[in-house]
């Protein structure tokens, strides 16, 4: 690393290549030169923030710093990098790249296809950017990047493997007026709510339907709609679902909780 670089150093950025933890029994023959302290070791709570490189994820990180993470906590920024597709802000699949037209193969001016190494470097850089609010707030944290074709299952597997106390994830449009016909959350957040072993906090990114930001409050934003769900043996019951409207401005930490 260039010591004169302005880019912030973030500890323990990992990219795990096995498609599943079940196939990770083969260890590298290389031996680490020295054991380094884990930033999350000894924390009172280990909070995971699942990110997908979107503005919704950036909002969820900022919300977690302002309203959820407390002194004594440590944070794991968790990203599942898809093996064949990119996942957009709504946690839905988008093609990683479309096949070039036949003429592109012989066009000397055609852009070269990015390599897997390019994509890995881009992913690490974007996730590091998302973690900046944690560094600025002084919360101990690490970045954990894994690869899998099934984002939903892998998020739940990593949540259990990392022994997280709670997982926070961002989402756009999961409010009552935007839910599916069955009233469920989005596919990934809904899966995590019902399969993660710890509570899942889904932070809805506010949009124009939520109205303007509060007047006269410099730096204020519209309120975030937050759904908190805990997994229980009877987790199909509606009475587990609690919605909260929480002001996203850092200066206001009053929470208004209501049961559905």
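Heads up, the Cβ atoms here are built off N, Cα and C, so glycines get one too.
Taken verbatim from Swiss-Prot:
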- 1-33: transit peptide (TRANSIT)
- 1-42: region 'Disordered' (REGION)
- 14-28: compositional bias 'Basic residues' (COMPBIAS)
- 18, 80, 170-179, 187-189: ATP binding site (BINDING)
- 20: phosphoserine (MOD_RES)
- 29-41: compositional bias 'Low complexity' (COMPBIAS)
- 92-118: region 'Disordered' (REGION)
- 209-260: region 'Disordered' (REGION)
- 230: phosphoserine (MOD_RES)
- 251-260: compositional bias 'Basic and acidic residues' (COMPBIAS)
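Under the DSSP three-state reduction, residue 187 (ATP binding site) is assigned to helix. Taking each of the binding-site residues 187, 189 in turn and counting other Cβ atoms within 10 Å of its Cβ gives the largest count for 189. The 10 Å shell around the Cβ of residue 170 (ATP binding site) contains 28 further Cβ atoms across the protein chains shown.
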